[in-house]
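*Asks:* Sharing a structure below in structure tokens format, with a few things to ask.
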Amino acid sequence: MASKESQMTATLLTSILAAVFGSLQIGYHTGNVNAPARIIEEFFNHTWWSRHNQSMPDHSLTFLWSLSVSIKDFGALLGSLGVKCLADTFGRRNSILIVNALSVVGACLMFASKANESFEMLIVGRLVFGLFCGLVMSLNPLYIQEVSPTNLRGAFATLNQVSFATGILLGMVAGLETVLGTKELWAMMLSLSLIPALLQYLALPFCPESPRYLLINRGQESQAETALWRLRGLSDEVFTELEEMKQEAAHTQSALTVKEFFTKRSYRQPIIIVLIVNLGSQLAGFNAIINYSTKMFDKANFDEAKYLTLGVGAVNVAFTLVAFFLMERAGRRKLLLTGFLCLAVCNLSMTVIDSVLFLVPELRNLQVLVVFFLISAYEVGPGPISWFIAAELFDQPARPIAMAFTSMLNWGGKFMLALLFPPLLKLCGAYVYLLFTTVALTAFSFTWRRLPETKGRTFDDIAAEFRESEGIPLHNKTGFNTFP
């Protein structure tokens, strides 16, 4: 049974906002490298000249820049492997604080690279920051979901994506040549993520640990009750939620290995759902648009392509806010279905427009609208939901592994698309968007047939469906048709 409507408390809001400072940093370093790319490449070349008294070969420069950009995603893949160990050993809140140190070290290395004339420091700094990305984008939703009341769980988890999108926009603005993306200031621009990192260290230590972790993982009932009192503030809610957690604890084993996670019968369907939803989100065209929108607009002969790219960032933020307000009204299932279907339509439209753009140049304005619509479709559903749906589908012992799995799929999808999209675009031309259309339709079809609605349901209620049998019943308790 879902709990009744819960009120917002200052401690709960502070806990959520303090946690999402991490995703703000990640978004910032996702958006700040594109505009000053030429200036940083010049730094690479200058450094090479000072060492070898000759210019760096073009192919080496291209390789080093590609490595600098993509190594963050590779580091995130590696970082994902440590989520379970950290989350179960140190707790959700403390783990976020621990991994925040990686962000600080990475930003300091990037900042120091210019003064030390070392592009290696910049690349290592991006790698270290990537480790932070892989860890915190799993730990954040894990902590937020476990401290939030049932009726606000999805909306608060969406704030992680709101913060991430806001960081991307801030990074895009900071990277402009008219702001900080200059030959003199680019290193300082890369260091500005230290501000939210410091704010997190100032705020998060005063927030409570996850009550679910304290009770179910540690068996510390009194500490869990104290944390709930701080988060909820109402006695009826505290005792009701405490009882619900005890019931969940009675149904779950105390520890779980990675092998058991992938072989346990009741986890099969949730694992497949997480796999399809996450790969569908990452490989349905959004990341290609975000990474290559400036080049796309340049190709369409827009004079100020970089400012249109800022428009992409602004739409990105606006529709994550729309998702925040819709998440507990429409539910996860409807938003995912709507998002995947709209992504398919947008990619099909991109195929048609890109194929005839050289014949009808006036269609470039329509292309911009389609790009903006694609961004909005992603952020209303697949974008935010793909990062937290695993936390709702699995019970307490499996949740950290599920979130690590989510992080690996998301960052792996980003990394793979960053590597494959340029050669695919050269090989297939406009028809590359048909591949994205196919991915989006596949994810839509699977979501329609397999994903139950999780809005307004307790963790134990959701997990009970998967415990009952290998599949999900035809109708779940919220009346949504799931399995045929």
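From the backbone N, Cα and C atoms, a Cβ is placed for every residue, glycine too.
According to TrEMBL, the protein carries these features:
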SIGNAL    1-22  signal peptide
DOMAIN    15-455  domain 'Major facilitator superfamily (MFS) profile'
TRANSMEM  63-83  transmembrane segment
TRANSMEM  95-115  transmembrane segment
TRANSMEM  121-143  transmembrane segment
TRANSMEM  155-173  transmembrane segment
TRANSMEM  185-204  transmembrane segment
TRANSMEM  271-293  transmembrane segment
TRANSMEM  305-326  transmembrane segment
TRANSMEM  335-360  transmembrane segment
TRANSMEM  366-389  transmembrane segment
TRANSMEM  401-424  transmembrane segment
TRANSMEM  430-448  transmembrane segment
*Asks:* Going through 63-83, 121-143, 305-326, 401-424, 430-448 one by one, which has the most CB pairs that fall under 8 Å from the transmembrane segment (271-293)?
*Replies:* 401-424
*Asks:* Against the transmembrane segment (401-424), which of these stretches has the most C-beta pairs under 8 Å: 95-115, 121-143, 185-204, 366-389?
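*Replies:* Of the candidates 95-115, 121-143, 185-204, 366-389, 121-143 scores highest.
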*Asks:* Who are the chain neighbours of the transmembrane segment (430-448) in space, where the CB to CB distance is under 8 Å and they lie at least 6 residues beyond its ends?
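*Replies:* Residues 273, 276-277, 279-281, 283-285, 288, 333, 336-337, 340-341, 343-344, 347-348, 350-355, 382, 421, 424 contact the transmembrane segment (430-448) from elsewhere in the chain.
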*Asks:* In the same chain, who gets a Cβ under 8 Å from the transmembrane segment (121-143) while lying at least 6 residues past its ends?
*Replies:* 15, 19-20, 22-23, 25-26, 29, 40, 64, 67-69, 71-83, 86-87, 92-93, 95-96, 99-100, 102-103, 105-110, 112-113, 157, 160, 164, 190, 193, 210, 387-388, 391, 399-400, 403-404, 406-408, 410-411
*Asks:* Within the domain 'Major facilitator superfamily (MFS) profile' (15-455), what mean pLDDT does the predicted structure show?
*Replies:* 90
*Asks:* Tell me if the transmembrane segment (95-115) touches the transmembrane segment (185-204). I count contact as 3 or more CB pairs below 8 A, with pairs 6 or more residues apart.
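*Replies:* Counting Cβ pairs under 8 Å (6 or more apart in sequence), the transmembrane segment (185-204) reaches the transmembrane segment (95-115), since there are 3 or more.
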